[in-house]
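Okay, so here's the structure we're looking at.
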Amino acid sequence: LLQDARNSSVLNNDVVGAFLQSGRVAGLSRPVKIQFWHDTVLDASNATCVFWKPGAGAGSTGSWSREGCETTHGEGTVICHCDHLTYFAVLLLPAGALTPAQLASLTHITTVGCSLSAAATLCTLLLCCFSRAGTHRHALPSPSCRRWLRDNTTGIHMHLLAALLLLNCSFLLSAPLAAGAEGLCQATAALLHASLLCALAWMAAEAFHLLLLLVKVYNIYIQCYLLKLSLFAWGLPVLAVAAVFVFKRDTYGYHAISTSEGYGNTTMCWLTSSPAHYATLCYAGLILLFNTLVLGRVAVILRRIRKQKGQASKDWATVLGLTCLLGTTWGLAFFRFGVFLVPQIYLFTILNSLQGLFVCLWYVTVHCRSKPGSGSNTSR
């Protein structure tokens, strides 16, 4: 009878009802005290006092709410202090649930970060276009393998920036469009999923290209190189998402982010299927593993030349820039456990929502250093 739509669980399945025959009791200046005994490890992060709030609409059973109730924990007990009489229970919270204040701050950080990244990637794309046009206008033909690799570098950067721009824009649209029609939300979720997969794939393309620049510089020429990378990084993810959208559209839709207090949730358009979610995590994990290995290879090579005067600091600054370019900060998604949960979520949100901005700053720095007369053309 007292089961909400989310099938939430309560401590020991115990529900206590307290009433007066004279009528409804609410707004007490001296709260009533209800005590629940248990033999498990509980604290404020995974258990809270709630009361049953009947549904207002037809067909709605109701939900648990903590409004007007305070929770204290003792040894083997949970004590509820509530300013009204009704049905009470101790709601067991899912592991890692955020408070409404934390969710609100993370939403604000993400919105600001993605907006800055979208603007930065758009500006950098324009800079790449002008830079590439000027380079092609003044460049002399050269059969050099290193020249061939360097000519494709800017093109790969431009594709990554375009993928990040699409990712940021689709993410910013996912929350507002969640209030609209279901079909529109499903299309937005599919676009967000495809842009994420494409962005990760272009990060892998950056790592592969960097590996060619560092290790195999001689006698390397791949016909239609950029086209083949585009088929891998754009074609495969878009084809996979399109197939899922056509044959199993309910994989995409409304995704609710629950909080630890009450039922105030944030909804966005995203994956609704657990298998699709885990498949995306595996895909991201494989790419990030490859990129991390490439970044480690870069660090080893830079360590060999760190004895050169003044070179070490510049090289490690380059490694930090490549960390953003290869998206290795996305690996923080795999460290959500224990006391690191909330700090990890904030760090993940800040670093990855601002990835487009970091890539923009890195590209502008490298572009300025690689100009004729700047004294360095190696980092490009």
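A Cβ is built for glycine as well, from the same backbone N, Cα and C atoms used for every other residue.
Unlike curated entries, TrEMBL annotations are predicted automatically.
As written in TrEMBL, here are the features:
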| type | residues | note |
| --- | --- | --- |
| DOMAIN | 1-98 | domain 'GAIN-B' |
| DOMAIN | 106-367 | domain 'G-protein coupled receptors family 2 profile 2' |
| TRANSMEM | 156-179 | transmembrane segment |
| TRANSMEM | 191-214 | transmembrane segment |
| TRANSMEM | 226-247 | transmembrane segment |
| TRANSMEM | 276-295 | transmembrane segment |
| TRANSMEM | 316-339 | transmembrane segment |
| TRANSMEM | 345-364 | transmembrane segment |
DSSP-assigned states of the domain 'GAIN-B' (1-98) in counts, ordered helix, strand, coil: 3 helix, 44 strand, 51 coil
Segment-level pLDDT (mean, integer) for the domain 'GAIN-B' (1-98): 81
